[in-house]
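All remarks here apply to the structure that follows.
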């Protein structure tokens, strides 16, 4: 919840309820330093995509389906057959009266969305010739960039009094609207109530917005706020993880309503008739049209065809039942689709190396504080609140802390409004060497990761033991331990990319996986932990040593943290493993280079991350389409083309279904968020994409805008989805396959309500491998 009980009238309480309903339709937008993939349709998973399409067409004026040419190309190639359409139609629109012939005929024509229902600002623009929608967006953005600033601005807006109070004080002194013809705007703002809910109620009365129209009107205005609404939703998201409340987004909604109220008062004679019709349209229920049903059916048919090919490959592959003999090494990778190629390459080179797929935070949702830093970073999935604390601070490293503070002070000074000019004059020549080096060598700069991090808990505590046990059981790593077990986190070493966090590990809160891997390796090398695990049925051989590694997904190299402590054990040699990993990296780079038309030799892939002019250092998770939870033998040596999230799962070792429940409610949900973020950015880039990297402007240290516009953007950039000539991401929803029985799946889904809802409404495709 985001409100506290107050003495409000029934009418106002109804409007507040409508505001909460609309706010839940908005997906959170995480700030740049902790950016993760978010499902842009998160607030609409309780309805089928056809209904969501009708809702977003009303609110934003966009289509959320792929172009029908995608279906036509699949039909022409023979990949999509009539049976796929018949099956999809029975799932999506069984009572629509449509036939498979109707669907096939409709695939030959494209459709355009209708316009969104007009705001007062748009009606006023039509009446006056003034671009009021653009001005409203620009003025809200100008205020918000200062208010939400996280250290980039020299003079940031005071935020202690809240969004509404801050904007109200600011708007009472902003004469820009009046210069453009909105006479008396500052005075009208001064006359609003100090409580934002009461101000919202007054605006609704003036605009004729009743409880029937309010949910739709509010959603329309929240969508008009673009990324600012997402940022407000993020604050509410974080507050609720901490069992707190936040009213940022409802206050932003009030601000947008005040603009509507002021414009309506000024242009009442010209806009009232059309506004009354708009309000009546908002009162109508959201119902998908025939075209929405057709698009939803075509999309589902293409997904059926894709899933059918995957299922055939899984069925026709001879399952390799790996005997439980001790491997020479075990490498635990993140389920990220970029790990699929690396795991396949390693296993093709060495049958004695076993790879495992698990969520990249390795079961440790950390609140991590790095040495010399005052910032606590969330190193875990966005859907979880951190339950463990870690640090790499060393008591003897006081000089590191001082150097870190000095570096941050210099960086802040260099960005300041006035001091930046003096900084360039004084320090510019000192930057010439590194500037030339970065421009000419283009080599990847490997950032040091500092001392070995550790939990702040004592290693003999029950909480530390619980964390170790949960981590191992979540990976299925409870027996047949190799002499060397490496937890391989991943990172994307890129430069000059404002949205670089979207290329990092989503399960680690938009950071690399190094801290989680190193903390777990250190924890499992502790003797008290080993003794405690043995008492709980997990016996780790005395000669087993745990180590951390890091997979650079841009250059496909894997490094080891060989200097991290291993307790009183002998560190295992990694020379032969390193040789295999180097060879595997060459294989992966050769395979990946085929997706880059401008790459002639694989060495160029290693250089792309260090090239500060490169807008496509890597493709990230583009084309992520499948999620498979099964024993590795079901997919080992199967080329899935870097499209599959691969999570190890053995139903024989999960008698009560608790492991499966954890997979569904965690990794599957995160993978679906990633998949749907790419889907949204591909089908509706103006609404759900990050825009053109060449035009991005970082604001406040928390987000990007298109140039100097006031609209905050989120999601993958244009360059993450296209090579400039063709799209590299196929807009299909995630297809999940689980090696389990239907009864066990149903039991796990009963404990994973969000995933059950997404599957019921086809936001993901979910089936057991026995059913395919």
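Yeah, the Cβs are placed from backbone N, Cα and C, and that goes for glycine too.
Feature annotations, courtesy of TrEMBL:
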type	residues	note
BINDING	334, 336, 490, 505	Zn(2+) binding site
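Long-range neighbours of residue 334 (Zn(2+) binding site) (same chain, six or more residues apart, CB within less than 8 Å of its CB): 357, 358, 359, 360, 488, 489, 490, 505, 507, 513, 551.
Taking the mean position of the Cβ atoms of 334, 336, 490, 505 as the Zn(2+) site, the remaining residues of that chain whose Cβ falls within 8 Å of it are 333, 335, 338, 339, 360, 489, 504, 506, 507, 508, 513, 551, 553. Around the Cβ of residue 336 (Zn(2+) binding site), 28 further Cβ atoms fall within 10 Å across all displayed protein chains.
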